[in-house]
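Peer 1: Taken from Swiss-Prot, the feature domain 'Acylphosphatase-like' covers 5-93, and the record attributes it to sequence analysis. Swiss-Prot lists C5-C49 with the feature disulfide bond, giving sequence analysis as the kind of evidence. Annotation comment: Swiss-Prot describes R20, N38 as active site, evidence class sequence analysis.
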Amino acid sequence: MSNVCIIAWVYGRVQGVGFRYTTQHEAQRLGLTGYAKNMDDGSVEVVACGDAAQVEKLIKWLKEGGPRSARVDKILTEPHSPRETLTGFSIRY
């Protein structure tokens, strides 16, 4: 079981549709730490850390569109090394 952290930027209709809240719920269900945050360009930034297989499941869920009310057009991911210790999965403003 290896731990990884990723940062993802999710583009499409992802703000104002409950995207951060459902991402938080899914990440908590998978046992991940991190956060979801609305960005000024209309995207959502997601940082997720935990077991590599569980992080992959979250990425797959994000690529599949997240909540039904959202529409994901594009997702970019890369490895990430947070400068802070992340506990739980939060929504940032």
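Every residue gets a Cβ built from N, Cα and C, even glycine.
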Peer 1: Among all the protein chains here, how many other CB atoms are within 10 A of the CB of R20 (active site)?
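Peer 2: Neighbour count, Cβ to Cβ under the 10 Å cut-off: 24.
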Peer 1: Looking at the domain 'Acylphosphatase-like' (5-93) alone, can you tell me the average pLDDT?
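Peer 2: Residues in the domain 'Acylphosphatase-like' (5-93) carry a mean pLDDT of 96 in this prediction.
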Peer 1: For each of C5, C49, count the other CB atoms within 10 A of its CB; which of these disulfide-bonded residues has the top count?
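Peer 2: Answer returned by the neighbour count: C49.
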Peer 1: Please list, for the domain 'Acylphosphatase-like' (5-93), how many residues fall into helix, strand and coil according to DSSP.
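Peer 2: Summed by class, the stretch gives 23 helix, 36 strand, 30 coil.
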Peer 1: What residues, ordered by sequence, lie under 8 A Cβ-to-Cβ from N38 (active site) and sit at least six positions away in the same chain?
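Peer 2: Counting only residues 6 or more apart in sequence, the Cβ neighbours of N38 (active site) under 8 Å are Q15, R20, V44, Y93.
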